[in-house]
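Heads up: the structure comes next, in structure tokens.
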DNA sequence: GATAATTGTTAGCCATGGCTAAACTGTTTA
DNA sequence: TAAACAGTTTAGCCATGGCTAACAATTATC
Ligand SMILES: [Mn+2]
Ligand SMILES: [Mn+2]
Ligand SMILES: [Mn+2]
Ligand SMILES: [Mn+2]
């Protein structure tokens, strides 16, 4: 491991606050991010389908495509995957519906999303920015952090 | 647009706090996330190479592979991309170096990363969790939010 | 009821980011 | 100095998530 042959940096930087984390911990950071990326899109689809069902009573592929700014072909393909994963049921040319499992995922995702969004607003971020940031951040916030965010938001509200 | 044919939801949910955002805004959320994903991994590589150079004096492919928990083949392929993007210079079987542009990106990424990490700690998140969350969150935090996070951290420090 | 418009599906393309296996280069050590 | 080892590269595989183009089905309009 070349990384350990040279213990002292020859540059003038020395200690500048943050050292490199231990290898195992560092590796775990990236692994966790990769895992999040695997489920991220699935969650967004399921969450959106749930939201469309709640707010509009139906979830059509065309609406998903518009809201996600993605082609209908992309949505169609994705729906097949969601079907295979047992998250949605779909008859051709009909509205989508969520399975039990899909509904569970939708609820969890929506609640996570809400906690992050409300937290950002409580922190002083304007609504439109908060919405954009929350859409990405939500998938990378641990349960621990989520709890802390929630507490912060509640305290702020008083 | 079927989404607008049915204005009133037939379910009992009615208004429950958060309505669906307007289509254009909603679409922009997802687009922004997709854009972030395109540069995310590149930034992490460049940032890590910069950190290895600073702390160890050299950045070897093998070390990157270990730290990222990824195969050496994956790293090798990625280095070719970084090269093509003009972010690193590399002679075969030698340590990597960052170009001017690569150094700029590394600095920006590191500083972003630090702001998010320190913010999470200031918020009360334990170090190890903060590190994991920051690794993913950093790519989805807007400049506006970043500024607010920085202010928060400084206030907390007093 | 025929035609037009909308909606959905399929086929096939591409880039990205993983992987394993095999070959190659450079360094260390017997 | 030759062999062994560590590090690097290449080839080729796969899944994911985009796209366009062509076609099919449903729904709306005349
Ligand atoms: Mn979400
Ligand atoms: Mn999201
Ligand atoms: Mn980073
Ligand atoms: Mn990162």
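The backbone N, Cα and C atoms fix where each Cβ goes, and this holds for glycine too.
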Among ranges A:1-20, A:21-40, whichever one TrEMBL labels region 'Disordered':
A:1-20
For the domain 'HTH dtxR-type' (A:39-99), what are the DSSP-based totals of helix, strand and coil residues?
39 helix, 6 strand, 16 coil
